[in-house]
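Asker: If you scroll down you'll find the structure; I have some questions about it.
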Amino acid sequence: MLVFHFSESESSFLCFLLSSSCLQNYIPPESLTLSCPVCRQTSILPEKGVCALQNNFFITNLMEVLQREPECSRPEACSVLESVSAAAAGKPLCCPNHEGKVMEFYCESCETAMCLECTEGEHREHVTVPLRDTQLDAIHSRLPQLTAAIDLVTEISRQLNERKNEAVTEISNTFEELERALHQRKTALITDLENICSAKQKVLQAQLSSLLQGKEHIQSSCSFTEQALSHGSATEVLLVQKQMSERVIALARHDFPERPHQNAHLDCQVETEGLRRSIQNLGVLLTTGAVAHTSVATGEGLRHAATGQHHTITVTTKDKDGELVRTGNAVLKAEIASVDGNRAAETEISDNKNGTYEVGYTLRTEGEYTFSLLLYGQPIRGSPFRLRAVKPSDVPQSPDDVKRRVKSPSGTGGHIRQKAVRRPSSMYSTTKKKENPIEDELIYRVGSRGREKGEFTNLQGISASSNGRVVVADSNNQCIQIFSNDGQFKMRFGVRGRSPGQLQRPTGVTVDMNGDIVVADYDNRWVSIFSSDGKFKNKIGAGRLMGPKGVAVDKNGHIITVDNKACCVFIFQSNGKLVTKFGGRGTSDRQFAGPHFVAVNNKNEIVVTDFHNHSVKVYSADGEFLFKFGSHGEGNGQFNAPTGVAVDANGNIIVADWGNSRIQVFDSTGSFLSYINTSADPLYGPQGLALTSDGHVAVADSGNHCFKVYRYLQ
């Protein structure tokens with residue numbers, strides 16, 4: 001077998017010269033590909049297999065030349081072959097233009113090797129570098145990295161096998177112990193059985209003995225009396241009459257134990273069904289696909305902390321492809337160390353069992369710290385983080401330092417007005433760039449408080465249609481208002497009332513595939529459907545809904561309604577037939593506490609904002625829980641009562657953070673990406689969110705009685 005290495009462009013490939021029989025022996029039968037045994041590069045074989053491979057005439061010609069006599073009539077061929085032979089033998093190559101000079105330079109312009117004299121001659125104007133400084137050095141520089149990676153993967157593989165063997169041993173020991181316990185229980189049951197049976201038998205045998213003895217006495221007395229009467233004389237009978245009479249009377253009056261003194265009840269009842277179920281579910285194998293280099297951490301407490309205050313950050317685990325891991329039990333360690341390397345604070349890790357983890361800590365002293373987060377012993381992305389702790393009095397004031405958390409804005413009244421100041425992404429201005437804001441600008445705002453066209457009173461939901469319209473649910477004015485994408489008023493419709501076609505308190509709104517306008521009416525407890533020009537068509541959910549808040553339409557045309565009061569999600573067909581519902585009041589993955597709005601992503605998955613649980617939850621189209629993200633707080637990726645939600649074409653999730661008066665952007669797995677800069681006109685209690693047909697973000701700024709449109713950079 002003759003091997004040649006060639007370089008083509010920036011990639012290298014290895015060419016093998018093999019006989020067809022050699023190839024047929026090397027390639028597995030029925031294989032459609034050929035894998036190089038050196039570089040593992042795979043090539044596709046022709047349909048007819050090895051026999052259909054074309055000959056490489058360049059290589060075969062070189063071989064023919066090599067096999068000829070030493071005398072050669074083609075000096076150029078000899079030169080090539082000498083170079084090939086020299087290269088194969090590892091000898092330095094001589095310059096063909098300067099006899100005896102070694103080629104040790106490379107001209108990048110001409111892509112050829114040369115000697116020192118060539119660089120001073122015809123190539124003096126070209127860029128030349130020593131051959132040893134070419135790409136080979138760059139490749140060699142990666143060898144330590146690859147060696148370290150190989151060692152790491154090998155060690156993980158070794159640990160995996162070691163833990164597998166430990167688990168096998170633990171399983172074997174556990175089941176052997178259970179077998180011993182079962183055997184002991186079996187022995188105990190049999191022993192108890194023997195003892196109970198013996199005790200019962202003792203009573204029965206005593207009774208049986210008494211009965212047999214009585215029977216024998218009666219038979220004996222009867223036999224004696226009969227013989228005396230049959231064979232004895234009158235005198236003899238008279239002599240024993242008294243004795244026989246007393247004996248017979250005594251036996252007749254004797255109280256024999258004729259009723260059983262015991263019973264034969266002795267059963268063994270072993271309830272095995274529950275045990276079998278337990279055995280079938282006995283033992284759980286814990287593992288995840290989480291890896292450190294794709295897993296991320298979010299939260300204000302990663303880089304800044306106030307002394308004496310408890311801070312929490314969120315770690316989101318992902319697999320090697322960057323996909324969210326949806327199970328818990330990953331081995332996560334957190335450590336906060338001072339500059340001298342000593343541990344500075346205890347950390348608590350809470351497993352949310354959905355691939356995310358909460359890490360909490362409290363620092364007591366000001367200073368600079370190192371915050372390390374290790375997943376299976378490896379640092380997650382960005383770890384270790386530089387953490388700075390300051391006194392609470394040195395923390396810049398934020399608009400929400402005065403806690404004005406009251407009831408959900410879906411309720412009537414009671415909404416305490418907050419100062420209309422933008423929520424910064426960080427309480428430390430020095431980290432603004434690192435916190436990655438989307439530097440978007442306010443394009444326009446529409447509305448003020450009032451009852452006229454283009455005026456609002458506590459607007460709630462907002463939606464956008466594909467034909468360039470923005471639709472707003474004007475809740476306390478009991479109407480729907482429609483605008484163009486550039487904010488021009490088009491029309492409004494709606495009459496206050498509790499009859500079909502009337503509106504009592506519209507909260508959520510969306511536009512379906514036919515252009516019909518779907519409105520969630522909180523107080524009427526149903527969903528109304530209107531044509532694009534505002535004519536009533538139908539109502540659905542009456543008798544089922546208790547307080548519909550948000551509404552969306554999925555790819556199947558199903559109307560998805562969030563019931564704020566019932567704390568569940570209903571999915572209806574457009575004709576009102578219930579497809580399914582899920583949820584309930586609580587804090588678990590499939591429960592809600594005052595859910596608000598809903599959106600559908602490009603996978604037809606359902607995204608719900610869970611107001612009082614301060615999180616966003618994602619479900620499949622049929623209501624199966626997939627994952628959730630967010631926790632209570634003011635840091636990036638945290639919420640203080642999320643409300644509106646929208647999903648862009650890339651699957652990124654945009655969330656209105658009501659209590660923090662801001663809009664945050666997350667990727668499709670719930671990892672924090674950025675926030676929308678609303679500083680041009682600060683929000684106050686934002687509600688519904690929508691993406692307009694021209695790609696901007698429209699938000700219902702409920703507290704300011706207007707809606708705003710911001711430029712959104714996807």
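These residue numbers are counts, starting from 1, taken along the chain as shown.
Glycine residues also receive a Cβ, built from the backbone N, Cα and C atoms like all the rest.
Under the heading domain 'B box-type', TrEMBL lists 90-131. Residues annotated as repeat 'Filamin' in TrEMBL: 287-389. The annotation region 'Disordered' is assigned in TrEMBL to 391-434. Residues or ranges marked as repeat 'NHL' in TrEMBL: 445-486, 490-533, 534-575, 579-622, 626-669, 670-713.
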Asker: State, in range form, which of 287-389, 490-533, 534-575 has the highest count of Cβ pairs under 8 Å to the repeat 'NHL' (626-669).
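Answerer: Looking at each of 287-389, 490-533, 534-575 in turn, the most contacts to the repeat 'NHL' (626-669) are made by 287-389.
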Asker: Take a look at 490-533, 534-575, 579-622, 670-713 and tell me which one has the most Cβ pairs under 8 Å to the repeat 'Filamin' (287-389).
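Answerer: Against the repeat 'Filamin' (287-389), the leading stretch is 670-713.
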Asker: Compute the average pLDDT of the predicted model within the repeat 'NHL' (490-533).
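Answerer: Per the prediction, mean pLDDT sits at 94 for the repeat 'NHL' (490-533).
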Asker: Looking only at the domain 'B box-type' (90-131), how are its residues distributed among DSSP helix, strand and coil?
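Answerer: Helix, strand and coil residues of the domain 'B box-type' (90-131) number 6 helix, 11 strand, 25 coil.
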